[in-house]
Amino acid sequence: MSVAAGGPAGAAIPESRLMALGILGGLAGIYASAVNPVIGPVLASLGAVCAIVWGADAIRRVASYGLGTGVPSIGYMSVSIGIVGVVAGLASVFVVPAIAVPVVALILAMILGVVVAVLGKKIVKMKIPILEKCTAEISGAAALSVLGFSAAIAGSYTLQTMLTSVITTGFIGLLFILNTMAIQHPFNACLGPNENQTRTLKLAASTGFISMAIVGLLGIGLNPSWWLVSLIGALCWIVAFRAFVSASFEEAASVKWSGLWPKEEEH
């Protein structure tokens, strides 16, 4: 059972593989952002989607220890931690090589996530055995997804381009909301006794890709490939969302599009 204070249901995909997908895919996309002005932002966005899927799985694992009411809370908290890690990572360019900035942002976000989780267990008395691990994962996923989408908008992950294209414009605030919803919504929508990882992650892919389509629009006037980012994001969203809906139909006892459910004696 996925939401009965007993932890998540069985996983079809090991968490280690999803972590590898999020970290390696996210970092690869960020580093590729400046390779080419056309394909770079697309790769950065795809890397961000990889991180979102990783974060959604971590949300699924930690939020299964309860009724699911804390899903939005840990989502917003962890993405805010991730953004702090991103900003600190960008500022670290004054003490570390520029190529290390994404890794520093990831590490700082995950460390801060662990600190906040420890405070939650010690002060708030949250009795979740995997709180530290999952909060660190969600914060790291948030950092990579925000940095990936920011690089897609700005065209690179350098401090100056981020300040000019993402922070000064206020897009960083929009990315906070956008990435939070993309990471926390999948489990929030699928939680329940019959929740399973595969269906939840299909929805996570769809929220990641629709976010990618929106990020492309934010790049209008900032990078020449904004339309390609939006187009690929929208097409992939259609594929992912259809897969999610199909999985929901297959696993549902029955489907009713409108009106009230029939009474038992009317079946």
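The count begins at 1 with the first shown residue.
Even glycines carry a Cβ here, placed using N, Cα and C.
What Swiss-Prot records for this protein:
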type	residues	note
TRANSMEM	18-38	transmembrane segment
TRANSMEM	39-59	transmembrane segment
TRANSMEM	76-96	transmembrane segment
TRANSMEM	99-119	transmembrane segment
TRANSMEM	138-158	transmembrane segment
TRANSMEM	163-183	transmembrane segment
TRANSMEM	209-229	transmembrane segment
TRANSMEM	230-250	transmembrane segment
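Between the transmembrane segment (209-229) and the transmembrane segment (138-158) there are at least 3 Cβ pairs closer than 8 Å, counting only pairs 6 or more residues apart in sequence, which means the two stretches are in contact. In this chain, the transmembrane segment (18-38) lies apart from the transmembrane segment (163-183): fewer than three C-beta pairs between them fall below 8 angstroms, excluding pairs fewer than 6 positions apart. With a cut-off of 8 Å on Cβ pairs spaced 6 or more residues apart, the transmembrane segment (39-59) and the transmembrane segment (99-119) reach fewer than 3 such pairs and are scored as not touching. Scored on C-beta pairs under 8 angstroms, the neighbour of the transmembrane segment (163-183) with the top count among 76-96, 99-119, 230-250 is 76-96. Contact count against the transmembrane segment (138-158) (Cβ pairs under 8 Å) is highest for 76-96, out of 76-96, 99-119, 230-250.
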